[in-house]
Amino acid sequence: MLGDLFTKPKKRKYATIPSDGTKADVPEGIMTKCPECKKIMYTKELQKNLMVCNYCGFHHPIGAKVRIDMLVDEGSFEELDANLTTANPLGFENYMDRIEKDKQKSGLNEAIVTGHATIAGNPLVIAVMDSRFRMASMGSVVGEKILRAVEEADKTNKPFVVFTASGGARMQEGMISLMQMAKTSAAFKRFSNHGGLIITVMTHPTTGGVSASFASLGDYNFAEPGALIGFAGRRVIEQTVREELPEDFQTAEFLLKHGQLDDCISRLDLQNKLSFILRIHAKTPETGGESDGE
């Protein structure tokens with residue numbers, strides 16, 4: 001009996017049961033993993049929170065029409081120039097094939113949606129870029145739609161609010177795309193000279209020719225938290241200046257800290273912030289001047 005204490009225990013035997021190859025019937029898209037904190041949450045809960053992570057506050061990218069639906073009063077949006085589409089002025093190989101793929105992927109005809117709307121009853125002309133379409137690069141149609149939207153705001157005496165998200169100028173349109181930087185900037189200047197109010201909201205990412213032109217020309221320049229905002233890439237700058245850049249370089253928080261933004265606003269607070277600004281700048285029908293915000 002005592003000898004049993006010193007004998008080696010017998011190894012347990014395990015049987016492997018083959019899988020039948022079936023998977024649990026979980027609907028695709030029911031869960032979303034945050035790329036920032038790696039937490040997994042129900043997609044519906046994330047959508048209820050305006051696609052802002054419930055755990056870390058990361059702002060997930062959203063499409064133009066989703067953003068408009070989140071922001072403006074229900075039923076108030078009237079789209080402008082919806083059928084304006086891109087040509088291929090330089091005959092760039094496969095360009096139109098890529099445009100067609102992006103149309104199918106995004107449901108849009110171009111990388112920006114513009115139109116009339118109201119926010120908490122305050123009228124405005126709004127433009128929202130969509131990075132699913134050619135990374136919202138600015139070509140001739142994007143520039144033209146911004147120009148027309150600004151002119152519409154000028155004509156109707158409404159503020160202009162633009163949400164930017166872009167990889168910069170569209171290389172497939174060459175010099176024509178670069179011309180849009182001057183074209184949009186000049187439109188902003190004319191509108192400003194006429195007393196128009198411009199609000200820009202930079203979202204992730206706002207880079208290249210868009211950041212270097214109209215995106216930075218608002219009377220109010222805002223950004224969503226964590227947005228990448230800059231002209232050239234980080235590595236290019238470091239190689240040029242031969243210095244190591246700060247960890248938070250080219251983020252919305254870095255720009256705010258250095259006086260290049262008026263505020264960094266969570267998507268959850270943006271509607272209230274915009275409605276307040278639109279209200280205090282509202283022009284009274286009697287005088288055409290700004291109201292006292294009462």
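Backbone N, Cα and C atoms are what each Cβ position is placed from, and that goes for glycine too.
Taken from Swiss-Prot as is:
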| type | residues | note |
| --- | --- | --- |
| DOMAIN | 30-294 | domain 'CoA carboxyltransferase N-terminal' |
| ZN_FING | 34-56 | zinc finger |
| BINDING | Cys34, Cys37, Cys53, Cys56 | Zn(2+) binding site |
Cβ atoms other than its own within 10 Å of the Cβ of Cys56 (Zn(2+) binding site), all chains, total 12
Near Zn(2+): residues not in Cys34, Cys37, Cys53, Cys56 with Cβ within 8 Å of the site Cβ centroid are Pro35, Glu36, Lys38, Lys39, Asn54, Tyr55, Gly57, Phe58
Taking all protein chains shown into account, the Cβ-based neighbour count within 10 Å for Cys34 (Zn(2+) binding site) is 18
Quick tally, other C-beta within 10 angstroms, Cys37, Cys53; top of the binding-site residues is Cys53
The mean pLDDT across the zinc finger (34-56) is 96
DSSP output for Cys34 (Zn(2+) binding site) maps to coil
Reading the DSSP string in three states, the entry for Cys53 (Zn(2+) binding site) is coil
